[in-house]
Amino acid sequence: MRRGRKVDDDPFPEAREMNINRTAFDSLPYPDGSLKTIEFTQFLTFNHVFMEAGPNLNVLIGPNGSGKSSIICGICLAMGGRPELLGRSERFADYIKHNASRGFVEVTVSDKSRPSGVTRFRIVIDRSTEKGKVEYFIDGKQATRTAVAQAAHDYNIQIENPCTFLAQDKVKSFAAQDPKELLINTQKAGDLTLLRMHDGLREEKAREKDLKLGVQEYQSALEKIQNEIVALEPKVESYKKQESMVGRIQVLRRKAAILAFTKAEEKYGKATQGINELKKKVVKINEELETHKKEEKRLEKSYGEYKERRRENEQQIRESAQKMEENEDPRWYNIQMRDITDKLNQEKGRLRSWEQNLNQMQAAVTNAKEALESAQSERDALKPREAEARQKQQDLQRRFADIGSREQQLENAIFESNAQRRKAGEVQERNENLLRERLNQLPNHGQARDAYMYYKQHRNEFRRPIYVPMIDIKIRGGDNELTLLSNVLQARDGTTFIFGCKDDELKLTERFSKINTTVVDNAMLDRVLSKLTEFEIPEEARQIGILGTMLDVIECNEVIRVFLAQGCSWTKLLRGERTIDKNYAEVADRLKQWKSQGSIFTSHNQITWSVSQYSREVLVEQRPLSCERKRFYVANLKDYEKIDPDLAKKYETQRHNFEQRRQELQREKSEITAERAKIHSDLQDFYKKTEVCRHGERIYRDKQAEFAAHQADKPNVERVERDFQDRKKRTLNESLHRADRVFEAKHLHFHASLCYETLCQAVNGARDKRFELDGLTRIAQQKFNEAKNELKDKEQQIKQETAEYEEAKVLLKRLVKLETLTKNKLSKAELLHLKEIEQDFEEYKIPKDADEVERLIVDEETRVQLVQGGGVGTTHDLTRLEQLKRQMAQNELRKATATETFKEYEAKLGEAIDK
């Protein structure tokens, strides 16, 4: 293998050529599957290395750390191997050179069937994801890892075989192989014919076991079938014997059913006839009982009428006695006269009292009139002062209204100021929300969020502003520009803290050591900005669709712009039109005169070109842009809103002026309030005198009203004396009438007493007749209850007979298949069926006695049980026996065929082993 040059000082060797003598191995033939060339770019320790392998054994010699294992790793990954085979990191991203975002390995394999004589395998690794994004290519066309591994296997390149490919860090895996694995892997490393012969013998040996098992299975199945046949034959014989006995039992049961039905039908007819006669007897007794009850009701009604008339007569006797008691009182006249005399004396006393009260009320009216005239004179003296106070009060009211108007103007100004302040606060809040959204875009790992929040809270402690691209960048445009930024700005670069001086960097990294940092001082800022001003896209590049660099996609301050241009090489990342996607190869070929390698980003694809330093061939790749990381930059579509930095001071000055104006108005209001209190005190005396006048007027009117009312309420003694004379005459007349009523009441009381004795005799006679009729009713009720109980017993008996009849009928239908034995109710088919059953009775010599039939059924069932005790089979056993005999014949034929096949196999296997 020829050794290529390892270039560490030039990351993009655009103008350098490699002067390698490519004729060293031209005369030697390369077998198909031989490695011819290997090219590394930004891979592990290599910036860019090109190597050419010889057709035979190639040896790599070098000290530790020179990159021997890196070459082995590159070959493994480019040929579709997994990182686990190398014993190093399992993340593809770890195989890219430090500080590089992308790298690739390309291996060419000899293949005479192809026009170029080789097959090119390339793996491209990108740091766009945490584990690394990987793309495979075969002859420039994108492929899957499985396809690459299959293509390598077709060339017999065994990356996963430790006997052909063993990485330095996986030496233990070779010793870990068991003898069987070591043998197979050794055969794979040599001539494959031996491996195929070995595989054939293993397959044939595995077939031997299957053949032996087949013969054994057939033999086991035959033995199992034979044992089951031997066990079933006695059961089947017993089953056939049992079936004969069961037929005789069936005939006996039919005879028993016919005899039971005949007996039950006869008993049911007799019971039905007896219950009908008993029902007629119950109806007759019930009619007699109803007659007694009607007579009893009639006597009860008469008895009640007599008792009611007797109660009415008793009431007349009590009322006449009460009248006699009320009208026979001798003191009644004296009591009435005393009452009317007392009423006349009371009315004379009221007249004397009225006259005294009338004189007192006249004096009170005079006093009230004098007090009122005195209060009115005092009130009239205060009227001039009251008019003057009211004038002052109106003036103060106008001044107070003017102050209110000025206060309203002040409040309007304060409201407008507060509205402006709230609007500024809302702008500030939106800016803070946008900042929080951009902070949330930062990766969860690391300390970027905490570090930036610390800077915001302690901004005054730092000498210069600190910028973070993902927080301070604003995307120009829409979704297309968002997609471009998410594919270009790496997570590490987007979260880098850019300081203006080294002191600020040390201050923040002492507290947060895991953040990415860089310093852009004033000298670097001026130097790079001057270069950016001079940088210009060639006119030829613009004509083929180049719009500018990726710096044109964003809006940011000069510090971030310098960082992206110098530290991230964004001036080398071009932005092109969509039309470049169709003719990207032609565009790359024209741009190679300007740059030997670079990238063009369109709205949907990334086109990367590089000029091979070995063949000077332009290698172009086109891959679609990823949308996975767009969500991390969505907040960068919006920009911070501008706020006047002196706005807070202006608001504070306005607030101070408003407070002074408010205090001045408050002072004027306090002065007006004091003057109002003084005027109110002056008016209060006038109001009090006015209230005293009103109160005196009310008292004067009330006293006059009371005096007039008292005059109208004079007692009428003359009318009371006339009433006294009238009542005296009526009392005397009433005394005479009371004497007449006493005589009339005594006559009525005597007559009522005679009627009461007659009614008592009638009530006693009605009661005796009712007792006699009640005895006859009880006798009739007792007969009715006895007849009814007897009917219930008969009904219970008929239910039992009916149940036995229905049971016998069901048994007859189930065993004989007939509803009745009455021949005139049977059809022709049923008569024929009954005749056949009677012939069976004669054939089996069935007796006509029911008890004898039951005894024969018990005897036959006992014989059947004895047969079953010896192991009786079933219909299933009979069917199973026939099926087993058929299976036995089939398995004997299959066993003979399998035995012959196994003998032929043993002969062929012996010949193969000998070979």
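Counting begins at 1 with the first residue displayed.
The backbone N, Cα and C atoms fix where each Cβ goes, and this holds for glycine too.
Automatic prediction, not curation, is the source of TrEMBL annotations.
For the ranges 306-328, 651-673, the feature annotated in TrEMBL as region 'Disordered' maps to 306-328. Using a Cβ-Cβ cut-off under 8 Å and counting only residues 6 or more beyond its ends in the same chain, the coiled coil (777-818) has close neighbours at 250, 253-254, 257-258, 260-261, 263-265, 267-268, 271-272, 274-275, 278-279, 281-282, 285-286, 288-289, 292-293, 296, 826, 830, 833-834, 837. Per-residue pLDDT, averaged along the coiled coil (777-818), amounts to 74 for this model.
Mapped onto DSSP helix, strand and coil, the region 'Disordered' (373-396) counts 23 helix, 0 strand, 1 coil.
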